[in-house]
Amino acid sequence: MPELPEVETVRRTLAELVIGKTIEQVDVGWAKMIKRPDDVDQFKWLLKGQTIRSMGRRGKFLLFHLDDYTLVSHLRMEGRYGLYQQNESVAKHTHVRFVFGDGTELRYQDVRKFGTMHLFQSGREQMEPPLAKLGVEPFSDQFSAKLLTERLSKTSRKIKSALLDQGIIVGLGNIYVDEALFRARIHPERLAKDVTVAEVKILHQAILNTLTEAVNLGGSSIKSYVNGQGEMGMFQQRLDVYGRKGETCRQCGTPITKTVVGGRGTHFCSVCQK
């Protein structure tokens, strides 16, 4: 599933392609993706004539800011956007097409059909699900070591599970939680409330450093991820633990271990992380 670095990269690359374009028509081939409004025909009607003014992101959600509405899109496992000429053939698994007035169209493709779209009156999107109860943004001024300490101290869950909770901090998934915990030398199965203040301070910086580096490298292309211009990310080449089960730790030479924490595959070094 695309995490913060991947969604942020999609936001940036799509912004270069679609800002200023006006939607003339919307075609929906898989109605179950449209979660709001309930009526797909209304979804299409409301978007007609709307111009994309800016692109935003909230956690793992992509936001299209239009004249009067905000389209909130979640890519889920394998969703992707791409800009095409209208006369180009439509690929299999293309489920939503936003047809513009300049001969181009934005296509949403999703092999597994897990992606979702919600349309809100501008300004309402932050007040209602799926955005209303999301936690702090890692790159915001509100995300401090003190805040992270307070939130982790209030949960009895393991640190890996706590960091995956989008109500605590948004944008982190399996990849970047594993990587940040490795950099902070914290074992993923430790209880969050038992992590010391000093350790949380290191973890806070590890989260920021990991996400910043990943964004700068366009995210991680583990499976099918590409950005809005069809380009792969490069951060997968720097992964220390994620996806490296059995390979040697770059710090100590111990084979990387994979276990399951909270139902999620988890990679770590049994020597470096305590």
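From the backbone N, Cα and C atoms, a Cβ is placed for every residue, glycine too.
According to Swiss-Prot, the active site, schiff-base intermediate with DNA annotation covers PRO2, on the basis of similarity to another entry. Of all Cβ atoms in the shown protein chains, 28 besides its own fall within 10 Å of the Cβ of PRO2 (active site, schiff-base intermediate with DNA).
The active site, proton donor annotation in Swiss-Prot covers GLU3 (among others). For GLU3 (active site, proton donor), the count of additional Cβ atoms within 10 Å of its Cβ stands at 22 [all protein chains shown].
The active site, proton donor feature in Swiss-Prot is assigned to LYS60 (among others); the stated evidence is similarity to another entry. Within the same chain, residues at least six positions away from LYS60 (active site, proton donor) with a Cβ under 8 Å of its Cβ are MET1, PRO2, GLU3, LEU4, VAL7, HIS74, LEU75, GLN166, VAL170, GLY171, GLY173. LYS60 (active site, proton donor) falls within neither a helix nor a strand when secondary structure is assigned with DSSP, and so counts as coil.
Here Swiss-Prot flags ARG264 (among others) as active site, proton donor. Its Cβ placed at the centre, ARG264 (active site, proton donor) has 15 other Cβ atoms within 10 Å. DSSP classifies ARG264 (active site, proton donor) as strand under the three-state reduction.
Positions annotated as DNA binding site by Swiss-Prot: HIS93, ARG112. HIS93 (DNA binding site) falls outside any helix or strand according to DSSP and counts as coil.
Residue counts for the zinc finger (240-274) by DSSP state, with H, G and I taken as helix and E and B as strand, are 0 helix, 12 strand, 23 coil. The zinc finger feature in Swiss-Prot is assigned to 240-274.
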List every residue in the same chain as HIS93 (DNA binding site), at least 6 positions away in sequence, whose Cβ is under 8 Å from its Cβ.
GLN109, ASP110, VAL111, LYS113
